[in-house]
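Taking it in order: structure first as structure tokens, then the write-up.
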Amino acid sequence: MSTQIAPARISDPAAFGRVAVLLGGTSSEREVSLNSGSNVLDALRARGVDAQPVDGIPALAQALVAQRFDRVFNVLHGHNGGGEDGIVQGLMEAFGVPYTGSNVLGSALSMDKIRTKQVWLSLGLSTPRYARLAAGASAQQIHAAAEQIGLPVIVKPANEGSSVGVSRVFDQAQLDEAVTLAARYDGALLMEQLIEGDELTVAVLGDVALPSIRIVPKGQWYDYNAKYIAEDTQYLCPGLDGDAEAQIGQLALDAFRAAGCSGWGRVDVMRDGSTGQLYLLEVNTAPGMTSHSLVPKAARQLGIDFEALVWRVLEQTL
């Protein structure tokens, strides 16, 4: 599968009009979103775009009522005051304002890791074995789910990102602590089979899968610290070779489209170290745009710098 990005369609920054960079918010990913938004804002302004920051959904609603903006670049991460659960997409559609990223359905579905898995499985796409745990699940239910899936497992909130509230569990004694951590966040919990092997991610831009990235953290796994703070995490791009790289790119596109996503995003995948089997984990519909973020790294592999990447994403609103 060739990875070719068409040339930019727009050359005049005035074509975008007044652009709101939606950032911050009140989700658990606020700090990451502020960082992403600041980078996007700087890149747009460097290209001559009339861009202004807007912190959170209430501020955006006020701006839309006042007709202050012509379009929105959404880097509001997460849910519950974030911009990846379909709520802010519905707001922007109600005002008829174009925005970056997936629509209401794609955003809402992808924010719910459990429902996304159900869609993938219905289409024959591989994802780790899992169980849904309701908030307040009993110890008996928790341990029964782990026994059914088979240890080791990962326990996480079903609707959070950035590895917030995530634990790896290798024995029954660790389960209660993992569930307690994940239960600090709203909604159901997801317990899923832990796939031992390579952690990979594939960015999607338009209808093209960018080169995959294989993530090699210094520690045992790619947690919040490895994602946003540590300087010793290795990123290998492309992450795979030959047919395997083509396979993961096509899988990412299939998974992205199956979830109703469009515009741009990122699909996270595990590759079993013993069998080479690929397993879909989740879709991110407003990926990070920090100095550690993965979409910019993949774009650079194709000669697309950060400013050009931000421009390409915004182009999709025209």
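These residue numbers are counts, starting from 1, taken along the chain as shown.
Each residue, glycine too, has its Cβ placed from N, Cα and C.
Keep in mind it's a predicted model, so treat the numbers as computed, not measured.
The domain 'ATP-grasp' annotation in Swiss-Prot covers 117-315.
Long-range Cβ contacts of Ile195 (ATP binding site) within its own chain (separation 6+, distance under 8 Å): Pro128, Met270, Arg271, Asp272, Tyr279. Under the heading ATP binding site, Swiss-Prot lists 146-201, citing sequence analysis as support.
For Asp268 (Mg(2+) 1 binding site), the count of additional Cβ atoms within 10 Å of its Cβ stands at 20 [all protein chains shown]. Here Swiss-Prot flags Asp268, Glu282 as Mg(2+) 1 binding site, drawing on sequence analysis.
The annotation Mg(2+) 2 binding site is assigned in Swiss-Prot to Glu282, Asn284. Secondary structure at Glu282 (Mg(2+) 1 binding site), as computed by DSSP, is strand. For Glu282 (Mg(2+) 1 binding site), the Cβ neighbour count at a 10 Å cut-off comes to 21, with all displayed protein chains included.
Counting only the Cα atoms, the space from Val153 (ATP binding site) to Asp268 (Mg(2+) 1 binding site) is about 17 angstrom.
Listed in sequence order, Val153, Val169, Gln172, Leu175, Met191 are the same-chain residues at least 6 apart in sequence whose CB falls under 8 Å from the CB of Ala146 (ATP binding site). In the predicted model, the domain 'ATP-grasp' (117-315) shows an average pLDDT of 91. The Cβ of Ser167 (ATP binding site) has 18 neighbouring Cβ atoms from other residues within 10 Å, across all protein chains displayed.
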